[in-house]
Every structure is written in structure tokens, then in C-alpha cells.
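Engineer: A single structure is presented below for examination.
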Amino acid sequence: MSTKDWAEKDYYKILGVSKDAKPEEIKKAFRKIARDNHPDSHPGDKAAEARFKEASEANDVLSNAKKRKEYDQARSLFGSAGGFRFPRGGAQTSVNVEDFLRTASNGDGFGDLFGNLFGASGGRRTASRSPRRGADVEGETTISFDDAVSGTTVTMDMVSQAPCQACRGTGARAGTVPRVCSTCQGSGMHASSAGGVFEMTEPCPDCHGRGMIVEDPCQVCHGSGRAKSTKSMQTRIPAGVEDGQRIRIKGKGSPGENGGKAGDLYVKVTVRPHEIFGRDGHNLTVTVPVTFPEATLGAEVEVPTLAGTTVRLRIPAGTPNGRTFRVRGRGVPRSDGSRGDLLATVEIAVPESLDDDARHVVERLRDSLPQATPRPWEVK
């Protein structure tokens with residue numbers, strides 16, 4: 001792709017973001033497009049593959065502050081003006097190219113702008129293949145409620161793109177090797193001129209910037225040099241993780257290319273519910289059934305903890321149904337080493353059936369209590 005073609009592509013439009021979009025907005029937009037169009041999810045869908053590649057190209061430029069600045073500068077020269085041209089014919093015009101380019105590039109000057117964009121600031125140079133960061137990988141795991149509170153290590157089988165083992169990343173069939181591109185002599189770059197005035201370098205159209213041409217492609221990766229790789233890995237789930245939370249593990253995604261860093265692993269955690277306890281942030285919740293006499297007269301009851309022990313909880317006389325008591329320090333661990341609390345909510349247990357003696361006792365209690373109704377809407 002020539003520099004002019006590169007500048008004329010609207011990467012902002014491809015990702016669906018504004019020209020002043022923040023890095024996190026660009027990252028979010030690219031992830032959505034990549035997730036919806038990833039070749040692994042749409043095998044054989046050329047349109048989805050094209051959208052994925054186009055979005056990857058746009059993200060590669062816009063997510064890099066230096067490349068984004070150069071791209072915006074190139075757009076101001078080529079994209080918005082329909083191409084950079086000197087006047088031809090008619091009156092001779094004296095143009096100070098250094099001043100013009102310094103103005104167009106916000107003061108960076110001829111050497112900085114064209115040196116960065118075209119790979120040279122005076123004369124031709126050979127460009128090496130730049131490192132590329134590996135793709136991020138998504139994974140899922142399901143753990144118990146107890147493990148979510150205390151933290152655990154899980155074994156996960158992850159599928160990612162890695163150098164093809166069959167061809168060792170060359171893209172060529174086993175027993176063969178790629179040949180050096182005769183067009184660029186292995187540099188991966190091709191010289192072209194802009195109106196006979198400037199000489200620029202751009203990715204070689206024959207080898208697409210690789211410097212090598214695969215004539216007999218690998219049957220596993222079909223010449224790409226990359227293939228699906230499944231590996232088993234130990235993943236640490238931190239204490240206090242919540243149901244549905246995504247955990248980022250740096251450097252555990254797909255391997256990079258040409259010495260680039262590996263991508264990240266994002267693990268979505270599903271937590272199985274507990275029979276007794278619930279969660280409210282860093283607090284644990286538990287329902288404590290009490291009898292009517294206990295709630296009315298007061299009592300001390302034992303309340304379970306997630307550690308398997310119990311604590312004594314004092315129920316004051318006249319405790320209403322639904323009142324919550326706080327047991328400090330018996331909740332979920334925080335990152336600073338402290339813990340949340342245990343929230344114990346009283347639930348008055350009503351017997352489903354009574355024998356005659358018990359019924360008479362309740363009736364006598366009813367008759368001895370004040371006749372005022374507890375329902376405010378019935379008060380006259």
C-alpha cells in the first residue's frame with residue numbers, strides 16, 4: 001500500500017469513532033469489530049475476514065500515538081486535499097517546500113514528517129519488518145462460591161494464534177523455504193516517486209512487506225505462518241472476584257510476530273451460587289431464621305461463617321422481621337488486606353401447623369395483646 005493510499009483510508013470511519021476519540025474508545029470499538037468478525041468465528045466468510053483485517057489495520061495505526069500523529073499529518077496533506085501536487089504549467093511559482101511541509105506538519109518539518117511516513121529523510125533505506133503485538137484471547141471459567149471469596153488457581157485450555165509448528169512460522173511446506181523477493185531484494189520495501197519530485201518507500205506489492213515469497217505454501221497454515229494453538233495453562237483467580245467479572249492477565253494471549261509482545265488473556269469468571277451465603281460487594285449475606293418467642297423476648301443464636309465456624313449473635317427483644325445485623329470482619333477479602341462484613345438478616349419462622357395446646361397458647365397471647373393494628377392503612 002502506498003503512503004497516499006494509506007493516508008486516504010479513513011481509519012476513524014472504519015472503527016466508527018470520531019477523529020478526537022480517546023485511546024480507550026478506539027480500543028473498545030476495535031474489540032467489538034474483532035469479536036463480531038474474527039475468522040475463527042466465521043470460517044470461510046471472506047467478508048468478515050476482510051472487515052477483521054481492515055479493523056486490525058486501523059487499530060494498529062490509531063492505537064499507536066506516534067503512528068496516529070503521522071497518519072493525521074498525512075491525511076492533511078493527501079487525504080483532504082485530494083493528493084499533494086505542485087503546480088504545473090502557467091506562471092512559475094516559487095515554493096519553499098521546507099516551509100510548506102513544516103506548516104502542514106505542525107512544525108515537525110520535512111525530515112521528521114517524511115522520514116517517519118516514508119522511511120527516509122533523504123535517500124532510500126531498507127526497512128525491517130516491525131514487531132507486531134499478539135492478539136488478545138478470551139476465556140471462561142466457573143468456580144465455587146468459596147473459591148471466589150478466597151481465590152484459587154484453575155487450569156484452562158486456551159486456543160490462540162501462534163507460529164505454525166509444521167513450517168516453523170515460515171509459511172512454506174516442510175522441506176522447502178521461501179525465496180527472497182526479487183522485486184525488493186528481501187527488504188520488504190519498494191521505492192516509488194511522487195510526481196518525480198520525492199522518492200518514497202512503501203511495502204513491496206509482490207511480497208506484501210515480508211521480503212520473502214512462499215511458492216509452495218504449508219498445508220497446515222496455507223502460507224500464513226500462523227496456526228491455531230491449544231495450550232493448557234495455570235491461571236490465578238484473585239480473592240474477592242465477583243460473578244461475571246473479567247480478569248486481565250498480561251502477556252498470556254497470542255504470541256507476537258517479529259519479536260512483538262504477546263497479547264493479553266481476558267478470563268470471564270462465573271461463580272456458582274452458595275446454599276447459605278450471598279454476596280453484596282465485599283460483604284457476605286446470610287438469612288438467620290428465629291422463632292417468634294426469640295424475636296419477641298430476645299435471644300442469642302449461632303450464625304454460620306464461610307470459614308465453617310459460627311459466631312454468637314444477640315437478638316434484642318422486639319426484633320422485627322427483616323432487621324439486619326452486622327458482624328464485622330467476616331466478609332470478603334479486599335486488596336488492602338482488610339475484609340468486608342457478614343450481614344445477618346433476621347427471618348421470623350412461622351410454624352406451619354400447631355397442636356391444640358400450642359394453638360390455645362397463641363390465642364391467649366393474641367387476646368392479651370393490645371388490639372391496635374400494625375397495618376397503618378387500617379387505622380381509622
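Heads up, the Cβ atoms here are built off N, Cα and C, so glycines get one too.
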Engineer: Taking 32-63, 96-127, 192-223 as the choices, which stretch does Swiss-Prot tie to region 'Disordered'?
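Structural biologist: Within the set 32-63, 96-127, 192-223, Swiss-Prot attaches region 'Disordered' to 32-63.
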Engineer: Setting Cys181, Cys184, Cys204, Cys207 aside, what same-chain residues sit with their Cβ within 8 Å of the center of the Cβ atoms that define the Zn(2+) 2 site, listed in sequence order?
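Structural biologist: Here the nearby residues are Ser182, Thr183, Gln185, Gly186, Ser187, Gly188, Met189, His190, Pro205, Asp206, His208, Gly209, Arg210, Gly211, Met212, Ile213.
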Engineer: Can you tell me the mean pLDDT for the repeat 'CXXCXGXG motif' (164-171)?
Structural biologist: 84
Engineer: What does the DSSP secondary structure composition of the compositional bias 'Basic and acidic residues' (32-56) look like, as residue counts for helix, strand and coil?
Structural biologist: 17 helix, 0 strand, 8 coil
Engineer: Three or more CB pairs closer than 8 Å, sequence separation of 6 or more: does that hold for the repeat 'CXXCXGXG motif' (181-188) against the repeat 'CXXCXGXG motif' (204-211)?
Structural biologist: yes
Engineer: If you run the three-state DSSP split on Cys181 (Zn(2+) 2 binding site), which class comes out?
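Structural biologist: It is coil.
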